[in-house]
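Below is one structure, written out as structure tokens; comments come after it.
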Amino acid sequence: MALLGSYIDDKRKAAWNYLQSWQSTVYSMVVLGATMVVIFWASVFLYISFYFTFMPQESVTWPIHFQYRSCVEQPGLCSNPTATVGVTDPVRGTVLVGGQQYRVVVDMDMPESLTNQKIGMFLLSMDMRSQDGKAMQRSSRSTMLRYKSPLLHTISTVVFAPFLLYGWQEEKQTVTVELFTQYEENPVTPLWEIGVEVASRHVEFYGATLRIHATFTGLRYLMYYYPMVAASIGIGICMIFLSTVVIVSWYQFSEPALMIQPQGRSSVSPATTTSTSTNTKVEKVTMKQTDPPSITAPTLPGLSTTVIKTSKGKESEADRRRGSEEGKDDQGDEDSSRSSEGDSFELVAPSQLKRAARVVGRRGLEAEEGEEEDVNEEDMVVRHRVQSVST
């Protein structure tokens, strides 16, 4: 039965240890999983914040509303169509990023009319203006409708007649004019408004649109045209950085602080410590054996000798008590010196501080007691002198 009971106890202990090990393992896995989830989402947040901070807006579009002066005597235009487009945001100010290159394009919707076909080429001009209205850059480009022969125009009209009748398609062309290929924003004098002018009074068009496209290079090119690859690399770098910070913080706050040996101080060998404690003991014993200075007093019959003996008896009892306490202190000093023989650190134990405080207090009390005894002896001597004189 005893063997069976011991066997059951052993199995129970083994099962308990197994459960404890699995419990610690599961706890570590849960903590690791939660930490990795937090690090992952923190990395995603950091990458998204960096993306929207670093990447400028790829394309910005504004409508162009042309202004002109009408003729009084005959219908038509008496001035070239001009327009001013503000390229600022009410909240952020300028929408362009300093140092980034942009493409500036104007799209014009022109009907395939006989007037536009007769005009042929016309000139389109653009001014880049600062906040004070000064022109920083100017560009002019010529353009025209795409040519269609009368036969091709007739065939396309017949083929697309149903769509033209229902309004799903129109007889027009979108003419795209790129006025700036590599316009770079100046951070000192940012772009504030754009002036557009059509250098012809007879051009017919439905409307126009201004488009500004950013030309990406380097990291911005990778982040815009390959977003998944860039996101994977960026999130991975953020996770490595955050994991390093977590690991360093874990080891920094989990491990105990290491004691650092002070520089410029030589280590004390055990022999030196032993000899020092021995010399201290010898000095203390020598101080104990030395008698206090004798009190010189006038010889009085039957009294002065008694006083001196009494004081010496009190002093001897005080010396014995002090010697026993100092012996205890010496033994404690020996223990502390033995415990710190192998170390080269300067350690001051709380017990040593307490002993030093007791020794200082005891010496002060002994000094006060000695002064009181001297005063009492002087009083007794004076009284005996007075009694002897009176007798």
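Just so you know, glycine gets a Cβ as well, placed from its N, Cα and C.
Annotation comment: TrEMBL describes 26-48 (among others) as transmembrane segment. Note on the transmembrane segment (26-48): residues 231, 234-236, 238-239, 242-243, 246 of its chain, located 6 or more positions outside it, place their CB under 8 angstroms from a CB of the stretch.
Beyond its flanks by at least six residues, the transmembrane segment (224-251) meets 35, 39-40, 42-44, 46-47, 50-51, 55, 58, 216 of its own chain at Cβ-Cβ distances under 8 Å. If you look up TrEMBL, you'll see 224-251 (among others) marked as transmembrane segment.
The feature region 'Disordered' is assigned by TrEMBL to 262-391.
Residues or ranges marked as compositional bias 'Low complexity' in TrEMBL: 266-280.
Summarising the annotation, TrEMBL assigns compositional bias 'Polar residues' to 287-309.
The annotation compositional bias 'Basic and acidic residues' is assigned in TrEMBL to 312-341.
Look at TrEMBL and you will find 367-379 tagged as compositional bias 'Acidic residues'.
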